[in-house]
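Database features (TrEMBL):
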- CYS63: active site, nucleophile (ACT_SITE)
- TYR195: active site, proton donor/acceptor (ACT_SITE)
- TRP97, ARG130, VAL131, THR132, VAL133, GLU148, SER149: glutathione binding site (BINDING)
- 172-296: domain 'GST C-terminal' (DOMAIN)
- TYR253: site 'Lowers pKa of active site Cys' (SITE)
- TYR296: site 'Lowers pKa of active site Cys' (SITE)
Amino acid sequence: MGQLIDGKWSTQWYDTSKSGGKFVRSQAGFRNWITPDGSPGPSGEGGFAAEADRYHLYVSLACPWAHRTLIFRKLKELESLISVSVVAHKMPDETGWNFDKSEGSTGDALFGRDNLWQVYTQAVPDYTGRVTVPLLWDKKTGTIVSNESSEIIRMFNSAFNELTGNTDDYYPEALRPRIDEINARVYDDINNGVYKSGFATTQDAYDEAVTKLFDALDWVEGLLGETAYLTGDTITEADWRLFTTLVRFDAVYVGHFKCNRKRIADYPNLSHYLKALYEVPGVKETVDLNHIRTHYHWSHTTINPHRIVPIGPELPFLD
Ligand SMILES: N[C@@H](CCC(=O)N[C@@H](CS)C(=O)NCC(=O)O)C(=O)O
């Protein structure tokens, strides 16, 4: 794990010494929005109008945050409008995310760079911050639109509707308060909760995170006893945001991140729900378990120093 400091790549693991052993995720640095006419969005600068062949998405197939954006690109029929580069599954400290084609990367389709940090410094030569995926690039102005997945999926949900004719809405007006409420707990305690458990460096920090994680999974298991999806009988953004963590849970988080009070396979409603979302047309093509399993176990050497990728477990939702 490394980061950019004044435009230079520097190798260092997350510093948990000032937070009592807790992993604290930093805020994404680029927060502009694509809108239908280029008017400014809720944050950042305007000037990013929805146009075909103007934007490029950098993703990892291992990353749950990037995975959200790939699902929205697929469901909203944006594949022919927004091109993609996939980074390698192995992320060495020396380079961070990189475009090694022998390790599952497509290569950098825009610039032919070796490493993702070079795309960040292409936009801001003296950038300081983490080099994360997903990253949404504007080919027209040669800069980064956004590296915040929760905002990229909102853009994909509606900004391109006139170009694609796809008006499916995963953030419908009437459900927004409920979606926001569910997202808040799912983000803190589940999406980020698995990372807080896995990257904790004290027993107390781990205990706190893992307890909240399983309390939240129990809560979701209850909700799914009432309705098919989190906010009712239709799939919304809240479901896709939970899905990308659930699909990695038994394969990676149970063992690698010590989230092992239960597996998703032990929760009947969550298991059924995971399978139903996985079977939505187009979605399983966005799930790459080889990238997922290899990335985490190989890349986090403070947790898994010998980089051994475990054999299992078998995953019932694949059957
Ligand atoms: N807030 C960001 C978080 C993205 C994120 O943390 N991505 C991880 C991969 S799963 C990453 O690139 N980590 C590299 C790092 O932190 O150095 C989002 O949701 O878009």
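Even glycines carry a Cβ here, placed using N, Cα and C.
Shown on the structure are the features that TrEMBL records.
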| residue | record | DSSP class |
| --- | --- | --- |
| CYS63 | active site, nucleophile | coil |
| ARG130 | glutathione binding site | coil |
| GLU148 | glutathione binding site | coil |
| TYR195 | active site, proton donor/acceptor | helix |
| TYR253 | site 'Lowers pKa of active site Cys' | helix |
| TYR296 | site 'Lowers pKa of active site Cys' | helix |
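Taken in sequence order, the recorded positions THR132, VAL133, GLU148, TYR253, TYR296 that lie near ligand 1, meaning a CB under 6 Å from one of its atoms, are THR132, VAL133, GLU148. For SER149 (glutathione binding site), the same-chain residues that are 6 or more apart in sequence and have a Cβ closer than 8 Å to its Cβ are TRP65, ALA66, ARG68, THR69, PRO134.
Close to VAL133 (glutathione binding site), meaning Cα to Cα within 10 A, are the following recorded positions out of CYS63, TYR195, TYR253, TYR296: CYS63. Mapped onto three states, the DSSP output places TRP97 (glutathione binding site) in coil. Same-chain residues at least 6 positions away in sequence with a Cβ under 8 Å from that of GLU148 (glutathione binding site) are, in sequence order, ALA28, PHE30, ARG31.
The recorded positions examined here are TRP97, TYR195, TYR253, TYR296; by Cβ neighbour count within 10 Å, the least packed of them is TYR195.
The domain 'GST C-terminal' (172-296) scores a mean pLDDT of 98 in the predicted structure. Take the Cα of VAL131 (glutathione binding site) and measure to each of the recorded positions CYS63, TYR195, TYR253, TYR296: the nearest one is CYS63. Separation of the C-alpha atoms of TYR296 (site 'Lowers pKa of active site Cys') and the residue listed as 'active site, nucleophile': 9 Å, rounded to the nearest whole number. Around the Cβ of THR132 (glutathione binding site), 24 further Cβ atoms fall within 10 Å across all displayed protein chains.
Here CYS63 (active site, nucleophile) comes close to VAL133, PRO134, HIS295: these same-chain residues lie at least six apart in sequence, with C-beta atoms under 8 angstroms from its C-beta. Cβ neighbour count for VAL131 (glutathione binding site): 24 (other Cβ atoms within 10 Å of its Cβ, all protein chains included).
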